[in-house]
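Participant: A single structure is presented below for examination.
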Amino acid sequence: MAVSPANKTDRFAEGFGGVNASEPLLEPSKGGFVRVLRYGTWRRFMGVMPFLLYLGVFLLIPALSVVVDAFRADNGSFTLSNFSVGFSGVYFESFKNSIQLSFFSAVIATVVGLLVALAIVASPGRTLRAVVTAGSGVFANTGGVPLAFSFIATLGNFGLVTELMTKIGFNPYNHGFSLYSVLGLTVVYEYFLIPLMVLIMIPPIDALRKEWVDAASSLGASRVQFWRYVGGPLLAPPLLAGFLVLFTDAFAAYATAAALTSGTIPIVPIQIGSLISGNVLVGHAHLGNALGAGMIGVVLVAALMYGLVQRRASRWLR
């Protein structure tokens, strides 16, 4: 028995919530167009309900609690004193150090990760790409005490690489380098930021079609002109989006910095950890919440910028 296309469409729609495809989802009303909820429409959202529940319990509710407590005095009343203390003195320096550390770490990782991703995509075989991609997935999720110990054993005062460099007449610690400084943290952060950038940039580079190169070449464009007028503008949005991801990743990193420096470098995550562990100021028990709210603000700005950039970049990844 032959089935008309209209019946096929109706049956397909019924399988996804019982909505007739021939009926409009929007109907006019006095206040404009409102979405009409029909029987079974809620079933479309059942698949994402566990994720939304997880997001609410472990992200939205804790973040809201931090922001609310940031405006609370020790007696429970409303106050702005937590922010006045949190954005002055050593805490203000902590924000400056965190932003500088995250910015320069993200810039270095963005440049190196882009070059590595270009080399991987241009490689003829698939073996190298598979190995680098798998390794990047592991390294991008490595941090905390194991990573700190690895660098102490390698680039510490008596680390393996430090001893080898000393034997050839160059001790980096005699020339201003220290693993337990902001510069040292920048080196350590590259361990997981560069692999993350490689994973971010491989899909956009893959999206560059060979036909575009051939079309530019047929119009007389050189390789440099192609990257300047075609490839570069196309890769700029995902490149900036990747930079923002790296920035927020470095800005929120705590375990690696705490294990490596024992809290001697004033950055915001370490200051919050110190306040949570009991080193609070008299009359400012919620100072840690104010610092956390400041971090949330910085991350929100980066996330909004990422969303705008990613919307533009997604058009070329379809």
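Keep in mind that glycine also has a Cβ here, set from the backbone N, Cα and C atoms.
In TrEMBL, annotation is done automatically, which means it is predicted and not curated.
From TrEMBL, here are the annotated features:
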{"type": "TRANSMEM", "residues": "45-64", "note": "transmembrane segment"}
{"type": "TRANSMEM", "residues": "76-94", "note": "transmembrane segment"}
{"type": "DOMAIN", "residues": "95-308", "note": "domain 'ABC transmembrane type-1'"}
{"type": "TRANSMEM", "residues": "101-123", "note": "transmembrane segment"}
{"type": "TRANSMEM", "residues": "143-165", "note": "transmembrane segment"}
{"type": "TRANSMEM", "residues": "177-202", "note": "transmembrane segment"}
{"type": "TRANSMEM", "residues": "226-247", "note": "transmembrane segment"}
{"type": "TRANSMEM", "residues": "254-276", "note": "transmembrane segment"}
{"type": "TRANSMEM", "residues": "288-309", "note": "transmembrane segment"}
Participant: Could you give the residue numbers and ranges of same-chain residues that sit at least 6 residues beyond the transmembrane segment (226-247) on either side and whose C-beta is under 8 angstroms from one of its C-beta atoms?
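Facilitator: The answer is 102-103, 105-107, 109-110, 113-114, 193, 196-197, 200-201, 203-205, 207-208, 212-213, 216-217, 302-303, 305-306, 309-310, 312-313, 316-317.
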Participant: Cβ under 8 Å, sequence separation of at least 6 from the ends of the transmembrane segment (254-276): give me the contacting residues as numbers and ranges.
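Facilitator: Those are 90-91, 93-95, 97-98, 101, 143-145, 147-149, 151-152, 179-182, 184-185, 188-189, 287-288, 291-292, 294-295, in sequence order.
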